[in-house]
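Colleague: Provided herewith is a single structure, encoded as structure tokens, for subsequent inquiry.
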Amino acid sequence: MAALTRDPQFQKLQQWYREHGSELNLRRLFDADKDRFNHFSLTLNTNHGHILLDYSKNLVTEDVMRMLVDLAKSRGVEAARERMFNGEKINYTEGRAVLHVALRNRSNTPILVDGKDVMPEVNKVLDKMKSFCQRVRSGDWKGYTGKTITDVINIGIGGSDLGPLMVTEALKPYSSEGPRVWYVSNIDGTHIAKTLTQLNPESSLFIIASKTFTTQETITNAETAKEWFLQAAKDPSAVAKHFVALSTNTTKVKEFGIDPQNMFEFWDWVGGRYSLWSAIGLSIALHVGFDNFEQLLSGAHWMDQHFRTTPLEKNAPVLLALLGIWYINCFGCETHAMLPYDQYLHRFAAYFQQGDMESNGKYITKSGTRVDHQTGPIVWGEPGTNGQHAFYQLIHQGTKMIPCDFLIPVQTQHPIRKGLHHKILLANFLAQTEALMRGKSTDEARKELQAAGKSPEDLERLLPHKVFEGNRPTNSIVFTKLTPFMLGALVAMYEHKIFVQGIIWDINSFDQWGVELGKQLAKKIEPELDGSAQVTSHDASTNGLINFIKQQREARVQ
């Protein structure tokens, strides 16, 4: 594929931006088109609620949207989409298919990898998960002293942690009959130590989530958990009742003491950051119940079908992707804020920080050449309204343009005080996108200060600080209620957005070589931290840091 910057459709878009980009003014666009909302919004109607994507508060015209859709066609988005769904090995650096869509393929149509339908294997693992969940949640599965399981501890890192953690937090209202869940990921001993102090070994079930069963952080934490458990249980055979594995390495799992019957498999065509739909989601299913886990899969499958079959100009993931391309590659925006107005979604931005940045944080194209344009943005965010009292100042009046996605459910899980809390939340959600779009003109600010009785001197002094330029772009994503189905649909929507952007940039969104170099160097440094001998084998900075750490290790601290 030709480089993006040499694509005639992209050059046409850039030319339009150079000639007209500075003239785009959201206030004027809304004044000129009273139907702008209808022209630039999309409603997705499912049997489990609706999703409204309002992208009218973006710096776009109908011409811009047409050019963006033409760019998607020119870059081969439709053909690439089919290649993914058909099980072709689009992860070309690792020679793997990319089939998280198969994990939630509720229509059960055949999906082939190397000529073999993967769906029987997918369904077999789902059936095994269902049976296991029913045994644990019903109390049929007992610990070594005969107690039922009250706590499930997922030990994993990256994709084996962020997805299940985000989902179990988001679906807390659906967990009333399930065990508590805990997530341990960090190699920092504080994480496992603090967690274990709150647990009873007799009623704890550990899930060790590691495809290879060799991930250093995960296996170190798992061994620490096993050591803690055996201090109480004494008998190593008791491990089988309290530890299960999400892995493909039967030998290592057996060596650890886990019964291979309690090993849940997944496949090399499941990328870590797309794995919550697989056996990696076992902690989700245990916490909220397998029926709700299936609803999560069904919501994602609904979005998969929408993404695969809907024309690009009405396709929610495609539109989100194209708007991102517009801001990153024409306006030069470097970050993207995800701002969910729902406390249950407090890990949503962190989840897609990995989903987006590990997928599209690349500078090498499929042909092995360096890109000459920007790729993946820095993704960040916090729940509303907390963020309003933290970083929105910079979004409103800072020197950087930060495109934002605002998300909110119409119905709350907690309509306390006759819905007062949620009404205030909704009002703030609506006010922020209007404020970012409209801003406040000099005349409006002056009238406001005059009405407040400010003296002419105070008025002139304060006036420039009270002006908001506005013209800050946002998407509003409003959905009926945060149910398992709806969460599945929202997550899949953003997954496909990331995929589309990767295709347009001609990068591989499904490998992560960038995490390897640091791990290699850490293995070399680890033995150098032993003893007190000065280290001189690195650059001056790294040597200095190692030697300072060695010197301070035994220092007495008051």
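Glycine residues also receive a Cβ, built from the backbone N, Cα and C atoms like all the rest.
Straight out of Swiss-Prot:
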- Ala2: N-acetylalanine (MOD_RES)
- Lys12: N6-acetyllysine (MOD_RES)
- Lys34: N6-(2-hydroxyisobutyryl)lysine (MOD_RES)
- Ser107: phosphoserine (MOD_RES)
- Thr109: phosphothreonine (MOD_RES)
- Lys142: N6-acetyllysine (MOD_RES)
- Gly159, Ser160, Ser210, Lys211, Thr212, Phe213, Thr214, Thr215, Gln354, Glu358, His389, Lys519: D-glucose 6-phosphate binding site (BINDING)
- Ser185: phosphoserine (MOD_RES)
- Thr250: phosphothreonine (MOD_RES)
- Glu358: active site, proton donor (ACT_SITE)
- His389: active site (ACT_SITE)
- Lys454: N6-acetyllysine (MOD_RES)
- Lys454: N6-malonyllysine (MOD_RES)
- Lys454: N6-succinyllysine (MOD_RES)
- Ser455: phosphoserine (MOD_RES)
- Lys519: active site (ACT_SITE)
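What's the neighbourhood like for these features in this structure?
Modeller: DSSP assigns Ala2 (N-acetylalanine) to coil in the three-state reduction, placing it in neither a helix nor a strand. Within the same chain, no residue at least 6 positions away in sequence has its Cβ under 8 Å from that of Ala2 (N-acetylalanine).
When secondary structure is read from DSSP and collapsed to three states, Lys12 (N6-acetyllysine) falls in the helix class. Around Lys12 (N6-acetyllysine), the same-chain residues at least 6 positions away in sequence with a Cβ under 8 Å from its Cβ are Met67, Asp70.
DSSP assigns Lys34 (N6-(2-hydroxyisobutyryl)lysine) to coil in the three-state reduction, placing it in neither a helix nor a strand.
Counting only same-chain residues at least 6 apart in sequence, those with a Cβ under 8 Å from the Cβ of Ser107 (phosphoserine) are His301, Gln305.
All protein chains shown were included, and the count of other CB atoms within 10 Å of the CB of Thr109 (phosphothreonine) stands at 10.
Under 8 Å, Cβ to Cβ, and six or more positions away along its own chain, Lys142 (N6-acetyllysine) finds Thr148, Lys241.
All chains included, 11 other C-beta atoms sit within 10 angstroms of the C-beta of Lys519 (active site). Under the three-state DSSP scheme, Lys519 (active site) falls in the helix class.
In three-state terms derived from DSSP, Ser185 (phosphoserine) belongs to neither a helical nor a strand segment and is classed as coil. Residue density at Ser185 (phosphoserine): 20 other Cβ atoms are found within 10 A of its Cβ, drawing on all protein chains shown.
Cβ contacts within 10 Å of Thr250 (phosphothreonine), excluding its own Cβ and spanning all protein chains shown: 14.
Less than 8 angstroms from the CB of Glu358 (active site, proton donor) sit Gly158, Arg273, Gln512, Gly514, Val515, each of them six or more residues away in the same chain. DSSP assigns Glu358 (active site, proton donor) to a helix.
All protein chains shown were included, and the count of other CB atoms within 10 Å of the CB of His389 (D-glucose 6-phosphate binding site) stands at 9. In the three-state DSSP scheme, His389 (D-glucose 6-phosphate binding site) is classed as helix.
DSSP classifies Lys454 (N6-acetyllysine) as coil under the three-state reduction. Around Lys454 (N6-acetyllysine), a 10 Å sphere centred on its CB holds 16 further CB atoms from the protein chains shown.
Summarising the environment of Ser455 (phosphoserine), the number of other Cβ atoms within 10 Å of its Cβ, over all protein chains shown, is 9.
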Colleague: Same chain only, sequence gap of 6 or more: which residues have a CB within under 8 Å of the CB of Thr214 (D-glucose 6-phosphate binding site)?
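Modeller: In sequence order, Asn249, Lys252 meet the Cβ cut-off.
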Colleague: I'd like to know which of these binding-site residues, Ser210, Thr212, Gln354, is least surrounded, judged by other CB atoms within 10 A.
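Modeller: Output over binding-site residues Ser210, Thr212, Gln354: least Cβ neighbours within 10 Å is Thr212.
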Colleague: Quick one: pull the CA-CA distance for Ser455 (phosphoserine) versus Lys519 (active site), whole Å only.
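Modeller: About 63 Å separate the Cα atoms of these two residues.
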Colleague: Looking only at C-alpha atoms, tell me how far Thr109 (phosphothreonine) is from Gly159 (D-glucose 6-phosphate binding site), rounded to the nearest Å.
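Modeller: For Thr109 (phosphothreonine) versus Gly159 (D-glucose 6-phosphate binding site), the Cα atoms are 26 Å apart.
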Colleague: How would DSSP class Lys142 (N6-acetyllysine) in three states?
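Modeller: Once the DSSP labels are grouped into three classes, Lys142 (N6-acetyllysine) ends up as strand.
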Colleague: In whole Å, note down how far the CA of Ser185 (phosphoserine) lies from the CA of Gln354 (D-glucose 6-phosphate binding site).
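Modeller: Computed Cα spacing between Gln354 (D-glucose 6-phosphate binding site) and Ser185 (phosphoserine) is 14 Å.
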Colleague: Based on Cβ atoms within 10 Å, give me the single least packed residue among the recorded positions Lys34, Gly159.
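Modeller: Minimum Cβ neighbour count within 10 Å, taken over the recorded positions Lys34, Gly159, occurs at Lys34.
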Colleague: Which one is it, among the recorded positions Gly159, Ser185, Thr212, His389, Lys519, that lies nearest to Lys34 (N6-(2-hydroxyisobutyryl)lysine) by Cα separation?
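Modeller: Going through Gly159, Ser185, Thr212, His389, Lys519 one by one, the closest to Lys34 (N6-(2-hydroxyisobutyryl)lysine) is His389.
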